[in-house]
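Features reported for this protein in TrEMBL:
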type: BINDING; residues: 6-36; note: FAD binding site
type: DOMAIN; residues: 6-361; note: domain 'FAD dependent oxidoreductase'
type: MOD_RES; residues: C315; note: S-8alpha-FAD cysteine
Amino acid sequence: MSPTYDVIVIGLGGMGSAAAHHLSARGARVLGLEKFGPVHNRGSSHGGSRITRQSYFEDPAYVPLLLRAYELYDDLARATGREIAILGGGVMVGRPDSRTVAGALRSAREWDLPHEMLDAREIRRRFPTLTPRDDEVALYEKKAGLLRPENTVAAHLQLATRQGAELHFEEPMIRWEPYRDGVRVHTAEDSYTAGQLVICPGAWAPRLLTDIGVPCRIERQVMYWFQPRNGVRPFLPENHPIYVWEDAHGVQVYGFPAIDGPGLGAKVAFFRKGTETTPETIDRTVREEEIRAMADHMSGCIPDLPGTFLKAATCMYSTTPDEHFVIARHPAHPDSVTVACGFSGHGFKFVPVVGEILADLALTGTTAHPIGLFAPARLAAAPAPGART
Ligand SMILES: Cc1cc2nc3c(=O)[nH]c(=O)nc-3n(C[C@H](O)[C@H](O)[C@H](O)COP(=O)(O)OP(=O)(O)OC[C@H]3O[C@@H](n4cnc5c(N)ncnc54)[C@H](O)[C@@H]3O)c2cc1C
């Protein structure tokens, strides 16, 4: 008896919704199973905005994937008519030898990406909202900007459904097992068979992927929205760029222009100051002292931003020891199972190209995209990432 589906996708958040789209676009019979409803706010793909940029300070190896992701994001906007990206430019700010600036410059040079280097005076002249110290510089990238995570997930789900994928919400996978040449997946409602399984569990990776040897630390992260002190106009996308800003101690903050209309403010967050948590126990309440610490930090670099605190929301990172992703065939089930996890707080800008890679791996067993950096074997002996302050 042949299996009911070609591919079952577990988790329909950022990565899984993109996989469901790319698989069904190639004619595969797809079943998607999601623990919560469509486009929810309990994982890692919510909060109204995500930064995208090409001069990638994390590693130049990501650049070809970013170039492809930009094309696919364009296709997605065109195919669905949704607002997916606002590319108003961005700056990576810090001392010249900081990871943020030196790393971005390395990627820009290695891949010949259009960019400009700005000294502190030029940063202040072009972007009057930003007040860098005299020893800080910026790499400016015209193509940087922001993505709309909820619209992206909704667009991928919409296309997948249109292409015949069957998507079940509020139906978590309980377990799976190898079955004949493929897999069998169990939920509380039913069990399903397929030739291939694609697991995109986000912050549930430590629970669902215990057997791939990836020590993944789940972190509680907070996003803050402030109403700027002197009105929102200087913070509109035409005046205020997205930024990643590293201080002399290596602490990075990032933020966005005011994109949601007057009164809804501009969003800012610390990049990596998370605390360890689990999806079951995460504290969704944001404390007064956390808000004060964020406002204090911002008054040093964007003094007009922390005018009035509007709201905050929590989200989860799934961080690997080297902060690189895990995208691969399952080491113990290389013929039938593909995994994508450990996106370490910087995965959203890659969502559509990860969908394409997962479809390649599930349907052909291989991909032409460069994913060597994401092999789980590199982490086999690594300890779980330690607590950061
Ligand atoms: C505050 C914050 C800011 C960020 N900023 C940026 C940024 O500026 N730029 C950037 O590129 N990236 C950013 N990221 C990272 C990026 O958003 C994530 O890497 C990305 O969203 C991860 O997608 P995912 O599909 O792995 O996880 P998710 O979108 O959370 O999807 C996982 C899904 O699996 C489902 N699931 C879990 N268990 C089961 C089960 N048993 N059965 C069925 N379904 C299940 C979950 O319900 C969930 O829907 C940020 C993340 C956070 C939290």
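Note: Cβ is positioned from N, Cα and C throughout, glycine not excepted.
TrEMBL annotations: computationally assigned, not manually curated.
When averaged over the domain 'FAD dependent oxidoreductase' (6-361), pLDDT in the model lands at 97. A Cβ distance below 6 Å to any atom of ligand 1 is met, among the recorded positions I10, G14, H22, R26, E34, C315, by I10, G14, E34, C315.
Counting other CB atoms no more than 10 Å from each candidate's CB, the binding-site residues I10, A18, V30 peak at A18. The closest partner of the residue listed as 'S-8alpha-FAD cysteine' among the binding-site residues, by CA position, is G14; the full candidate set was D6, G14, A18, H22, R26.
According to DSSP, R26 (FAD binding site) is assigned to coil rather than to any helix or strand.
Figure note: comparing Cβ neighbours within 10 Å for the binding-site residues D6, E34, the maximum is reached by E34. Cβ-based crowding with a 10 Å cutoff singles out H22 as the top-ranked of the binding-site residues H22, R26. Per-site Cβ counts within 10 Å over the recorded positions G14, C315 peak at G14.
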